[in-house]
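S.K.: For Gly52, Glu53, Ser54, Arg114, Ile151, Arg152, the entry in TrEMBL reads L-glutamine binding site. Per TrEMBL, active site, nucleophile is recorded for Cys84. The active site, charge relay system feature in TrEMBL is assigned to His211, Glu213.
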Amino acid sequence: MADDDGPLVGVLAIQGSVEEHVAVLAGLGARTREIRTPDGVAGIDGLVLPGGESTAMGIMTEGDGLWETIRAAVDGGLPVYGTCAGLVLLADRAIGQRDGGQPLIGGLDCDCCRNYFGAQVSSFEVPLAATGGASAEDAALVAKDYPAVFIRAPAILKVGKKCEALASVTVAPHASAAPAAKKQAAAEAAIPEREVVVAARQGNILVTAFHPELTDDTRWHDLFLAMVKKRTSG
């Protein structure tokens, strides 16, 4: 149940599992606000970008200033958590975009591949492997034995110097994803099976390629709310 004194977390309500994220956050004591316009971003303590179709989300918001408002807030330090399509939107570089490019919010120094795991019929659940790094303790806490649900998910092919991998899986790309990745000089994406990053963090940005809101395990939302509370208490 939401706490009257809990942090106010916005949930982008354009597409995706908005209600599920709201329910998890409320259960952890956060207040929530569904975000559809630039004005909704004002006053929030954190922001969740749910799954959906990243290209469609970008098209639906073109010209209304919402992406620019969110980008400015993230650049200013607002904690943000992107799941699935939200990961793509927060990536600095996305492979497999529509012709002419795709509106991205950016901020996460990585190369991601849209729909790396294929169509919705290719969706599956797989345990995660925690990676090392400065936040190794956090990674082990949230990734160990975690039942990650992937639905037409992206994957991070390469993390930049500023971006830290938190979890990975070893899997082959879907046939539809490999050509797009190869076209963008990421020929390694065509390898039958490889380790890809499916959760990462860079400062105030947290992303997962999977859908924690569709499970009963709240560890990833707990980690995000810890980021939010650290900023609001500081």
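Glycine too: its Cβ is placed from the backbone N, Cα and C atoms.
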S.K.: Let me make sure I understand the structure: which of the recorded positions listed (Arg114, Arg152, His211) has the fewest other Cβ atoms within 10 A of its Cβ?
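M.R.: Each of the recorded positions Arg114, Arg152, His211 was scored by Cβ atoms within 10 Å; lowest is Arg152.
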S.K.: Looking at the recorded positions Cys84, Arg114, Ile151, which ones sit with their CA no more than 10 Å from the CA of His211 (active site, charge relay system)?
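M.R.: Those near His211 (active site, charge relay system) - Cα within 10 Å - are Cys84, Ile151, in sequence order.
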S.K.: Rounded to the nearest Å, what's the C-alpha distance separating Glu213 (active site, charge relay system) and Cys84 (active site, nucleophile)? Just drop the number here, would you?
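M.R.: Taking the Cα atoms only, Glu213 (active site, charge relay system) lies 11 Å from Cys84 (active site, nucleophile).
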S.K.: Rank the recorded positions Cys84, Ile151 by the number of other Cβ atoms within 10 Å of each Cβ, and give the residue at the low end.
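M.R.: Ile151, out of the recorded positions Cys84, Ile151, has the fewest neighbouring Cβ atoms within 10 Å.
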S.K.: So if I draw a 10 Å sphere around the Cβ of Glu213 (active site, charge relay system), how many other Cβ atoms end up inside it?
M.R.: 26
S.K.: How would DSSP class Glu213 (active site, charge relay system) in three states?
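M.R.: Note: Glu213 (active site, charge relay system) is helical by DSSP.
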